[in-house]
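Chemist: Per TrEMBL, the features are:
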{"type": "DOMAIN", "residues": "5-166", "note": "domain 'CSC1/OSCA1-like N-terminal transmembrane'"}
{"type": "DOMAIN", "residues": "187-338", "note": "domain 'CSC1/OSCA1-like cytosolic'"}
{"type": "DOMAIN", "residues": "349-616", "note": "domain 'CSC1/OSCA1-like 7TM region'"}
{"type": "TRANSMEM", "residues": "6-27", "note": "transmembrane segment"}
{"type": "TRANSMEM", "residues": "98-117", "note": "transmembrane segment"}
{"type": "TRANSMEM", "residues": "144-165", "note": "transmembrane segment"}
{"type": "TRANSMEM", "residues": "351-375", "note": "transmembrane segment"}
{"type": "TRANSMEM", "residues": "395-416", "note": "transmembrane segment"}
{"type": "TRANSMEM", "residues": "443-465", "note": "transmembrane segment"}
{"type": "TRANSMEM", "residues": "543-575", "note": "transmembrane segment"}
{"type": "TRANSMEM", "residues": "596-617", "note": "transmembrane segment"}
{"type": "TRANSMEM", "residues": "623-642", "note": "transmembrane segment"}
Amino acid sequence: MDIDALLTSAAINTGLSVLLFSLYSILRKQPSNSIVYFGRRLASLNNRNSRNHFSFERFVPSPSWIVKAWETTENEILAIGGLDAVVFQRTLVFSIRVFSIAAVMCLFLVLPVNYYGQEMKHKHIHAESLNVFTIANVKEGSRWLWAHCLTLYIISCSACVLLYFEYKSITKMRLAHITTSPPNPSHFTILVRSIPYSVGESYSNSVKKFFTDYYSSSYLSHQIVYRCGLVQKLMVDAEKICTKIKAVPNGQPSLKPCCLCGGSTSFKVLTDEPETVKDSFSYSNLNLATRDNERSAAFVIFKTRYAAVIATQMLQSPNPMSWVTELAPEPHDVLWSNLCIPFRQLWLRKIVTLLATVVFMVLFLAPVTFVQGLTQLEKLSQTFPFLRGFLKQDLINHVLTGYLPSVILMLFLYTVPPTMMLFSSVEGPVSRSGRKRSACLKILYFTIWNVFFVNHVSGGFLYAFNMLSSVGDIPVELAKAIPNQASFFVTYVLTSGWASLSCEVMQPFSLLCNFLKKHLRRNHEDSSDGLVSFPYHTEVPRVLLFGLIGFTYSVMAPLILPFLLIYFLLAYLVYRNQVVNVYIRKYESGGQLWPIVHNTTIFSLVLTQMIAIGVFGIKKSPIASGFTIPLIICTLLFNEYCRQRFSPIFKKNVAQVLIEMDRRDEQSGSDGRDPSTDAFSILSVTANFS
């Protein structure tokens, strides 16, 4: 691909992004769209914007939302979105910092070396091939390869230093989050699964007897999980319907007009009769606490936080498959449907989901191979000779090579998140945050393999399997392929990066649903029932994939860095706006996403360094290859230090912190279980109706 095709792709994506951002700045001012673009604020303030008066300002694009997003402080993000939102923002800040350093070094040092690496007559810049600006243009045995090695050292060292300070800061924030958070039932509660069955004795009595015998000084109470999910779902649906049925005002017909045909529906609007409903049906009529409805899972509540943690760190019986304990999630974080899954099924479920994920990744090679064919028009014209005349047209050539492949791949990738979320649900996690974290890892592995690795393979299915079977040859094969695939990934950053951010801020699906609701169903009331939490499982892998692409191509093809830096800057503003205005916080994982970010960044650095060794070997520069080996060793040692120093705090609780919190509760005259908060009553009721 030449520079003209790159500029064509950049122009298309820039125009599309500017158009969507401008349209967003207009749509967000319309009162009818307030629930779409200010859903979190409306849910927290319980306020509705009813101003429908006409004003010219409502239809003029403005950058006010960018200014407000920029002025939002980290403390405000922490108060609104929680520690997870802060961790995501820190990931973007880290990316901006490290790739700013990379852009300065590569554009002013590496790019000139690449451009003048061969003794050749250069064309005009717009007519040059993109390969001229990559390391492929440097001749073999060139003394200027030391510039690439030096730049790689600077980028790697800068990334490690920034990672260290971020890891240290986020670790302190996690400890502060634990110590300053108000008493929560999850602090004192453990989840017990695989309770042994006893003939003639209920699970509830077995739990009470076991923990009274072995934890008599710290055991407080317990709550068995009952399987009545269908009944509870019917109750919730009935309550929602009752709250939406309103009395008909006097003088108005009792029939609502049909929005599609202009006629009337056959349903009458009934008056609200709560007393009649209460007389005819009562929750007390449901006898949930029966032996048949009990499941072999229970929430056991202890008197102190420290006692609850100790109970989860030890085997409860000689049989490790019975009386299995773990810390309970927050009440709103519990995935109740998975609590009834027998514990002995979990290992089988994990194997099945692993196999299903691998099969899905293999099947996805088909669209990736098709996309590769679009980026290589010579092979495409050889396969389909009747397209040669059509492909020779400049505009068609530029669109096919510079824009269409990344668009097709992005459309196929939209099927990945719901599929991986389904696989993660089948695995059996007990918390919503755990399910989202599992889906995040699956999507991350999937995108790294199918978007990064497979797109560097030019031989389709068989070549991909051969490459996977010989893992030791992967760096060499990537070293050969990466300079040739630079054009695709530059356009991928433009399409999947810039365009996806504009779609994210536009919220097209929510906007369409809101339009249908208010103009077809004629329901002008804004409800917060459809608001969702931040999609970390899709956005974190996307950001980390762009980080991998940036590290890999920073030295090999520096032209990608300006486009990548613009993406991270836009992402910083867009996601801040979304956290403040759109998404609600349903639960909190305490910054558990940062270890994923750290480990993926280390993987990206090591992979980049290994690919650099392969490229230096191809360019016959043994000195540059030799100097890169110590860099890999130092990066791995740095990762091991962080794993020993910071990682345990994200996996285990700190006894000193928990004991101090228990003592503080004791000194203040409170045991941390204030009945006014209804925390334990909420846990008990929710467990009954799970």
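Backbone N, Cα and C define each Cβ position, glycine as well.
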Chemist: Residue list, the transmembrane segment (623-642) vs rest of chain: Cβ under 8 Å, 6 or more residues beyond ends.
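Modeler: Contacts of the transmembrane segment (623-642) (Cβ under 8 Å, skipping residues fewer than 6 from its ends): 145-146, 148-149, 152-153, 156, 160, 163-164, 167, 598-599, 602, 605-606, 609-610, 612-613, 616-617.
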Chemist: Are the transmembrane segment (98-117) and the transmembrane segment (596-617) near each other by the rule of at least 3 C-beta pairs under 8 angstroms (pairs 6 or more apart)?
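Modeler: Contact between the transmembrane segment (98-117) and the transmembrane segment (596-617): absent, because fewer than 3 Cβ pairs are under 8 Å.
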Chemist: Sort out the residues at least 6 away from either end of the transmembrane segment (543-575), same chain, that have Cβ-Cβ distances under 8 Å to it, and list them.
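Modeler: Same-chain contacts beyond the ends: 6, 10, 17, 66, 69-70, 88-89, 91-93, 95-96, 99-100, 102-103, 106-107, 110-111, 114, 130, 133-135, 148, 151-152, 155, 159, 444, 447-448, 451-452, 482-483, 486, 489-490, 492-494, 497-498, 501, 504-505, 596-597, 600-601, 603-605, 607-608, 611-612, 615.
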